Amino acid sequence: MSDLTASYATDTPHLPGMSDEIAIEIRDMNKWYGDFHVLRDIDLTVRRGERIVIAGPSGSGKSTLIRCINRLEEHQAGQIVVDGIELTSDIKNIDKVRSEVGMVFQHFNLFPHLTVLENCTLAPIWVRKVPKRQAEDTAMQYLEKVRIPEQANKYPGQLSGGQQQRVAIARSLCMEPKIMLFDEPTSALDPEMIKEVLDTMIELAETGMTMLCVTHEMGFAQAVADRVIFMDQGQIVEQNSPQEFFNNPKSDRTKLFLSQILGH
Amino acid sequence: MSEMHAESVAYVRDTMLPPAAPPNQQLGALRWLRVNLFSGWFNTVLTLLGLGIIWFLFDHFWPWLSHSVWKADSVQECREIIAARYGEGATGGCFGVIRERWHQYLFGFYPRAEYWRPLMTLGLLFIAITPVLFSVNPAIRRWVLAVTGLITLLLMGVAEVPDWAVLLMWALIGTALLLGEYAPQRLLIFTLFYPVVGVWFLWGGSLWFPLMLLAGFGVGYLATRLVPPRHAGLALPAGIAAALIWWLFLAGPVAGLLGDLAPARLRVIDSNEFGGFLLAMVIGVSGIAMSLPLGIVLALARRSDMFLIHVFAVIFIEFIRGVPLITLLFVASLLLNYFLPPGTNFDIILRVIIMVTIFAAAYMAEVIRGGLAALPRGQFEAADALGLNYWQAQRLIVLPQALKISIPGIVGTFIGMFKDTTLVGLIGLFDPLKGISDFVRSNFAWKGIYWEPFIFVGAIFFVICFSMSRYSMYLERRLSREHR
């Protein structure tokens, strides 16, 4: 595993917006649910500005992995360092990491009792202590970026799934995070709405944001990712540039997976 | 579709159908009757049976009610009047007892000359809670303030309070209406001070004493602010300590001193002069106001990850819920005196309020826990992922949604608790249902009168509980409209 990481670091050309600074470092990380070993010996280094797509069959631990990065899940062994802060049970560090790491969920998880604008300004006002007016201005900017400023005063329940997910992206961006995590952001959407969310994510990728996306959208992976990570049974099985990953998969498990999702 | 398939499988629609109006519905009362009351033989039988029962009840009850006598000084006199009017053997209600003793049902043994004080407290209660209950819609707020104000003035008229008190009430209602129109936030400041004003009006004594008790919260808050930011963890303990020191050692002397400088005293009314609906309202309103926050804290504690807090909450809730309220009331009235240092005289109404509050809070906690459990896990995760800390997440995300889900249960608990205040009759207080009625019947003139007081007291309880129920429905409707 460490071989792959090491060779990757030297082989890949530097893409625009990517630096040598390390955004996330995971070393020998293990996690169990009771007796079940969900994540096994995970080693992963993410550089600032890097776009990573994590793929794999369901139950392979990919969501759990990115949820460990902002401590929605707790790891039991190994180390996770995010933006120079190691995640331990220290609540202060956890809150600090969480305010720097945005997350977009499969089921949007917007707050239904708040308007779109209030969803976006809540965390800046209470966590960052930004004045309300300023937070609203920022929120409107990001809502314009995801192309739904006209919905600002509606409640999430009044929007379509695609619109809700774009609001969720704007809500995360309002905290001006350094890293964005996407946990299957398009899996709960109607086919017609997937594109509008992916377009937003592609635009975000073009700004140089560090992104980790768990997704089954292989087109998105090919277009945007600097690196694709394939997981199975709680382990990283293969990681490579998207070209190599899709055209020249190394492991049998990857080949099988690709043949199944691209086969029809 | 099948016809199309018969012609050819391929099909392309060349014009889209415009939306069409629905077919005409039959309207009118006849249709309504047929659909709702006589839709089949079984339904028809049920309808006829229901009508029969209604007729039976009406037939038995109406003569009694229509033969009611309002002007009589004793049960005996009532019977004579009814016999004279409707013939020997006729029955009728004897509401003369209400006419003569209404004031005891409302105020207990509160001195008659001081009736303006509980009524003023009631009027101010309306002014204090209206801006909280109807914070969104100014039209409803105006309407509620006006109606409750008129009710207060009407009661003042019936109770024959001094003119200056009526004028003062008019002025207060006018001010509240104006403030409610232009600066509803100001009314909320009054809400904060209402407990002090209420306690002072009801029990009398020096105004400074309850004011200094309230000041304890200010002292505690100041102490938290004085702690330097680098010891932020000490702020809360420091605040609590400062408030306790203030309440235990300083509040009394300071209040006494201020009382000497600027006396603001009302005649002291003892707790055992309270009775009737005054007592029920004092216990009910305080219990409602305090059991909700306590219930929220208990519900959060029960879901806490911290083992000791969780265990404490479980034991507290299960113990209190597992014991009948009357047991707690007996503890309040008898046992508590054994545990307290000799010589302490801890007000009986206060003891009862504490017991009723923790009893309702235990139920409240379980109702709210249901609301918390109904929230999808994603809401907690989204709040966490945005970096909100525990209390921010609870206050801004979790509780607003959980409380909204629990509204019917919460109001149900309130209503149950308000009716349970009549149980204080069993520990010797004069609740409207038993305490006062027993007292009224102990007079020879009203011996053996049961139905009339029950109807009167029941009607007032119904009006209050029904209002609470309607409010809960209004709130649910409002919140569901807002949130979708």
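Each residue's number is its place along the chain shown, starting with 1.
Cβ coordinates come from backbone N, Cα and C, glycine included.
Positions annotated as transmembrane segment by TrEMBL: B:35-58 (among others).
Residues of the same chain lying 6 or more positions beyond the ends of the transmembrane segment (B:115-136) and with a Cβ under 8 Å from any Cβ of it are 103, 107, 144-145, 148-149, 151-153, 155-156, 159-162, 165, 168-169, 172-173, 176, 180, 184, 187-188, 190-191, 194, 197-198, 201-202, 204, 266, 269, 278, 281, 285, 471, 478. What TrEMBL records for B:115-136 (among others) is transmembrane segment.
Per TrEMBL, the feature transmembrane segment maps to B:143-158 (among others). Sequence-distant neighbours of the transmembrane segment (B:143-158) (same chain, 6+ residues past either end, Cβ-Cβ under 8 Å): 102, 116, 119, 122-123, 126-127, 130, 133-134, 165-166, 169-170, 173, 176-177, 180.
Summarising the annotation, TrEMBL assigns transmembrane segment to B:209-227 (among others). Non-local neighbours of the transmembrane segment (B:209-227) in the same chain are 193, 195-196, 199-200, 234-236, 238-243, 246-247, 251-252, 254-255, 258-259; each lies 6+ residues outside the stretch with a CB under 8 Å from one of its CB atoms.
Taken from TrEMBL, the feature transmembrane segment applies to B:234-257 (among others).
Outside the transmembrane segment (B:277-300) by six or more residues, the chain places 105-108, 110, 118, 122, 125, 202, 313, 316-317, 349, 352-353, 356-358, 360-369, 372, 394, 399, 403, 410, 413-414, 417-418, 421-422, 424, 429-432, 460 with a CB less than 8 A from a CB of the stretch. The transmembrane segment feature in TrEMBL is assigned to B:277-300 (among others).
The domain 'ABC transmembrane type-1' annotation in TrEMBL covers B:277-472.
Annotation source TrEMBL lists transmembrane segment at B:307-336 (among others).
According to TrEMBL, the feature transmembrane segment maps to B:348-368 (among others).
The transmembrane segment annotation in TrEMBL covers B:405-430 (among others). Sequence-distant contacts of the transmembrane segment (B:405-430) (same chain, at least 6 residues past either end, Cβ-Cβ under 8 Å): 108-109, 272, 274-276, 279-280, 283-284, 287-288, 291-292, 295, 325-326, 329-330, 332-334, 348-349, 352, 356, 359-360, 363-364, 367-368, 370-371, 374-375, 436, 438-439, 461, 464-465, 468-469, 471-472, 475-476, 479.
The transmembrane segment annotation in TrEMBL covers B:450-471 (among others).
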